[in-house]
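Asker: Could you have a look at this structure, given as structure tokens, before my questions?
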Amino acid sequence: MVTLAVLALVTGGRAQLQYGFYKGKCNASDVEAVVQNIVKARFATEAPLVAYLLRLQFHECAVNGCDGGLLIDGPGTEKTAPPNLSVKAYDLIAAIKAQLEKKCPGVVSCSDIEILATRDAVALAGGPAYPVRTGRRDRRRSSASDVKLPGADYTAAQTTTYFSRLGLTPYETVVLLGAHTVGATHCSVIKSRLYSYGGKPGATDPSMDPALASVYKKYVCPNVTSSDGNAVFLDDQWTAVKVDNHYYRNLQLHRGVLSCDQNLYTDGSTRSFVDQLANDGSTFLTQFAKVLVKLSEVNVLTGTQGEIRKVCNKFN
């Protein structure tokens with residue numbers, strides 16, 4: 001019974017999603033082209049957009065499925081949960097929704113906009129251009145208490161267990177974490193690796209390249225409170241806005257920024273996956289597209305379920 005319940009969570013609604021769902025439903029407008037054009041214009045002036053949208057999609061779909069719940073404003077909503085306080089790109093989703101409402105009111109869901117926008121940003125950042133099925137509807141639920149996301153210090157076992165609840169295999173989990181090829185974190189998140197590893201004052205995580213740790217300690221994240229908010233790129237700065245497999249090469253060199261990332265290489269159960277993806281960039285891009293699509297179809301609402309919001313940050 002447990003297995004059947006999990007399967008229902010992961011696959012619910014998939015059968016009703018369709019390629020080109022909005023074709024002919026938005027008067028003379030091509031919904032996917034409208035989304036793409038707005039994302040392209042924003043990306044031209046804000047390259048980190050791809051990192052914002054990948055994070056938005058994950059934080060959305062990992063909590064009750066891809067249902068637009070993260071977009072809702074108000075006290076006690078998903079948006080107010082601590083892990084979501086630094087999520088960005090809400091304004092982009094709102095701008096796309098406003099444009100589509102002018103062209104065909106009440107037709108395009110906010111949850112579909114999230115998935116389409118992420119897809120387009122990934123392609124603009126050098127990643128694969130991949131088709132996605134649409135037809136999602138928006139859920140009338142958004143609760144901070146539902147937000148349970150993986151921690152930055154997770155072991156490989158904890159990480160793969162978490163993602164198995166979303167229907168991902170260990171290999172697919174390693175592929176999905178390749179999203180950390182773009183974006184950044186903050187010094188406050190990694191200071192325990194630098195200055196108090198294992199709860200020991202002054203101890204540095206031995207799995208981190210000593211040269212990298214030295215640079216962080218001296219220049220990026222000195223052990224003072226004022227450095228907590230300093231940005232730390234999850235990949236090397238020169239490739240931090242490009243979707244590629246460089247992230248995995250850094251793990252081979254023990255240069256993973258987050259413990260949960262480096263642990264994928266330290267643990268024998270996932271190390272071979274890292275090696276494969278590090279050594280074959282084209283395989284990473286192909287598999288990354290497949291995993292993003294799979295994530296985008298977790299527990300979606302379709303048909304007459306939920307609603308099509310008029311604006312994305314509040315229920316109808």
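Cβ coordinates come from backbone N, Cα and C, glycine included.
Values in this document were obtained by computation on a predicted structure and should not be read as measured data.
Residues annotated as Ca(2+) 1 binding site in TrEMBL: Val63, Gly65, Asp67, Glu78. Here TrEMBL flags His180 as heme b binding site. What TrEMBL records for Thr181, Asp236, Thr239, Asp244 is Ca(2+) 2 binding site. Taken from TrEMBL, the feature disulfide bond applies to Cys26-Cys104, Cys61-Cys66, Cys110-Cys312, Cys187-Cys221. Look at TrEMBL and you will find 16-316 tagged as domain 'Plant heme peroxidase family profile'. Sequence annotations record features per position, and here TrEMBL assigns signal peptide to 1-15.
Show me how these features fit into the shown structure, please.
Answerer: Gly65 (Ca(2+) 1 binding site) is surrounded by 24 other CB atoms, counting those within 10 A of its CB over all protein chains shown.
Cβ neighbour count for Asp244 (Ca(2+) 2 binding site): 19 (other Cβ atoms within 10 Å of its Cβ, all protein chains included).
Sequence-distant contacts (6 or more apart, same chain, Cβ under 8 Å) of Cys26 (disulfide bond) comprise Val34, Leu100, Lys103, Cys104, Val107, Val108.
Taking a C-beta cut-off of under 8 angstroms and a sequence separation of 6 or more, Cys61 (disulfide bond) has the following same-chain neighbours: Leu166, Leu295, Ser296, Val298, Asn299.
Residue environment of Cys110 (disulfide bond) contains 28 other Cβ atoms, counted within 10 Å of its Cβ in all protein chains.
Listed in sequence order, Tyr216, Val220, Cys221, Ser227, Asp228, Gly229, Asn230, Val232 are the same-chain residues six or more apart from Cys187 (disulfide bond) with CB atoms under 8 A from its CB.
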Asker: Within 8 Å of the Cβ centroid of the Ca(2+) 2 site residues Thr181, Asp236, Thr239, Asp244, which other residues of the same chain have their Cβ?
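Answerer: Residues close to the Ca(2+) 2 site, other than Thr181, Asp236, Thr239, Asp244: Val182, Asp235, Trp238, Ala240, Lys242, Asn245, His246, Tyr247, Asn250.
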Asker: May I ask which of the binding-site residues Glu78, His180, Thr181, Asp236, Asp244 is closest to Cys66 (disulfide bond) if we compare their C-alpha atoms?
Answerer: Glu78
Asker: Around the Ca(2+) 1 site formed by Val63, Gly65, Asp67, Glu78, which additional residues qualify by having Cβ within 8 Å of the site's Cβ center?
Answerer: Glu60, Cys61, Ala62, Asn64, Cys66, Gly68, Gly69, Leu70, Arg139, Arg141, Ser142, Asp146, Asn299
Asker: Cβ atoms within 10 Å, counted per site: which of Asp67, Glu78, Asp236 has the most, among these binding-site residues?
Answerer: Asp67
